[in-house]
Amino acid sequence: MPAQLLDGNALSKKLRTEIAARSAIVTAKGTRPGLAVIVVGDNPASQVYVRNKVKACEDVGFHSVLERYTAELGEEELLARIATLNADPAIHGILVQLPLPEHIASERVLEAIAPEKDVDGFHVANAGALMVGQSEFKPCTPYGCMKILESIEYPIRSARAVIVGASNIVGKPMAMLLLQAGATVTICNSKTRDLAHHTKDADILVVATGKPKMISGDMVKNGAVVIDVGINRLPDGKLCGDVDFDTAKYVAGWITPVPGGVGPMTITMLLMNTLEAAEKAAKH
């Protein structure tokens, strides 16, 4: 029997209704949630992502600012712009779309964002706080994955979770969130020997490698929850994940589709983080 689909679009719609209601309440009290999105260069995927983020803001009643710059923008100019946004009381979240042009140091830029406005959760202060379970903001993609597990009331405590991919953006924070929820966690990377040995042992399998269809059905435990974070464009123009959906869906108990799984949830959790930043600002 095919796996149950974990529909990120449907879950996002439900959560965004809640976000819009809370946004209306905080706005009525004089603090409209505000998100500034900065994109440097003309990466086509980045343009699509920022457009989706700005539209999502509008849909839930947020104030949004989209700042587009050419790839020639200097690092110091970008840092100066971030400093201005840090000081702007109408802006509660600042997001710099990655990747940045090679002459700009991403780490320097991300560290320049005030931690209380770092709604992506990438600032080292927020990453460190996540490690000890006191994070201001959870990184949006892992946060979205946890919400997906929550939506099916999956018993995470004592479950064996395997994460394929050890990035700072997905793999490492995902491990922290699952650990805090009581799972036994294994992180696999490009040096891992006998990857299938680990993936076949996973009750919860999270894949974030950027390699199309690298996890096939024979690498999945029967009945597992499979969360596919990858989004890859094939030569024929079609999108696919890092999991071979067509074989994995006959083995897994639950699986996220690509597109329409984790992607919409990432944007929804960005909205949630921005809302929470605004609610916090309204109390001060």
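In case you wondered, yes, glycine gets a Cβ from its N, Cα and C as well.
Since the structure is predicted, the reported quantities are computational estimates derived from the model, not experimental observations.
If you look up Swiss-Prot, you'll see GLY165, ALA166, SER167, SER190, ILE231 marked as NADP(+) binding site.
If you compare every pair of Cα atoms in GLY165, ALA166, SER167, SER190, ILE231, the residues listed for NADP(+), the longest distance is 18 angstrom. Summary for the binding-site residues SER167, SER190: the Cβ-based neighbour count within 10 Å is maximal at SER167. Counted within 10 Å of its Cβ, the other Cβ atoms near ALA166 (NADP(+) binding site) come to 18, all protein chains included. Note: ILE231 (NADP(+) binding site) has non-local neighbours LEU239, GLY241, VAL258, PRO259, GLY263, i.e. same-chain residues 6+ apart with C-beta under 8 A of its own C-beta.
Secondary structure from DSSP puts SER190 (NADP(+) binding site) in coil. The Cβ of GLY165 (NADP(+) binding site) has 23 other Cβ atoms within 10 Å, all protein chains considered.
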